[in-house]
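Only one structure is covered here, and it is reproduced in the block below.
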Amino acid sequence: MRASCVLLAALAVLAAYYVYIPLPGSVSDPWKLMLLDATFRSAQQVSNLIHSLGLSHHLLALNFIIVSFGKKSAHSSARVKVTDTAFDGVEVRVFEGPPKPEEPLKRSIVYIHGGGWALASAKIRYYDELCTAMAEELNAVIVSIELVPKVYFPAQIHDVVRATKYFLQPEVLHKYSVDPGRIGISGDSAGGNLAAALGQQFTQDANLKDKLKVQALIYPVLQALDFNTPSYQQNVNTPILPRYVMVKYWVDYFKGNYDFVQAMVVNNHTSLDVEEAVALRARLNWTSLLPPSLTKDYKPVVQTTGNARIVREIPQLLDARSAPLIADQKVLQHLPKTYILTCEHDVLRDDGIMYAKRLESAGVEVTLDHFEDGFHGCMIFTSWPTNFDVGIRTRNSYIKWLDQNL
């Protein structure tokens, strides 16, 4: 009996040691976040083990775990019709909200889910619930695009562009009773990256230039040149997106060499001797783009000499289609009214804030919505058991902005 008690106590201590991580006092629901992070870390470790045994790619294994525990069928309610279909060969889930008697045509959002360009699904519970709420509260049609796992840059962008172009056809808009003048694009995390890239591509196409009324980007990932912005330094190990994990997502997205990850963490891929990166640095110079309240005492990490081989083998790192923050000013000035949501406890905080500043400088109307107690991914965590107070507040603020501006 005594041995069993000692064993249970030892297991409890080990579990507490695994779960506990130091968190800032201002983060929302810290113990719940620790448990969520421990669950995700466990899934990552299992998928890494599967990868090391040669049984499957780690992202495919991790995505299998995520989707297996959270997939939801297309279930309609009394107020929202939900259907799975395909737009030009791209899988989408369409949410049709209730019509307003005084408005025969509905507004619409094309939504792109997050997950490091390879994880999650438009069909998991978190995104199904988000898009259902958007459709109902906005009386809108929400087109949620399904991203295919283990598809590399730029294939994901091509899928998003194809599906959106298909939806914008007059006959398709008529089928869903959508007002062609009230359509926006949106996405969170890697989905925010793809939404930003889509918006920029549309501004450069004469036939699509004025098709989008708004863009709404939720804690978007927007650049891979500097992994030592103040938010990357401040949140280096903050759940649920530590810096090392974000850099690995980039390498996976480009089908790059994992041997480069550690060098990229210290900015060796954009050192002063990498000529291709020098001209782009000014476009994400955080010492001028961020306010002193965020730069604090952090110092830029600029290596004199680095590893030029990284950019030679992964030139996509410097492509504005993957890193919308580094786009030319003349591209930015044609973008629609923009909403950007950022979280204090997120490595990507400064990506969003710098993009807002660059857009404002280009003459774009921007709303920057910052949450001091937010963490990466929080907006989809609104229902039990992963319901966070900041998740509910971020979702409400996001939908409120869309209601007022779309």
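Keep in mind that glycine also has a Cβ here, set from the backbone N, Cα and C atoms.
Lifted from TrEMBL, the feature list:
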ACT_SITE  Ser189  active site
ACT_SITE  Asp346  active site
ACT_SITE  His376  active site
DOMAIN    109-260  domain 'Alpha/beta hydrolase fold-3'
DOMAIN    319-379  domain 'Alpha/beta hydrolase fold-3'
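Over the domain 'Alpha/beta hydrolase fold-3' (319-379) the predicted model carries a mean pLDDT of 97. Spatially close to His376 (active site) yet at least six residues away along the chain are Ser189, Tyr219, Thr238, Pro239, Ile240, Leu241, Cys343, His345, Asp346, Val347, Leu348, judged by Cβ distances under 8 angstroms. Residue density at Asp346 (active site): 27 other Cβ atoms are found within 10 A of its Cβ, drawing on all protein chains shown. Residues in the domain 'Alpha/beta hydrolase fold-3' (319-379) partition by DSSP class (helix H, G, I; strand E, B; coil) as 22 helix, 19 strand, 20 coil. Residue density at Ser189 (active site): 29 other Cβ atoms are found within 10 A of its Cβ, drawing on all protein chains shown.
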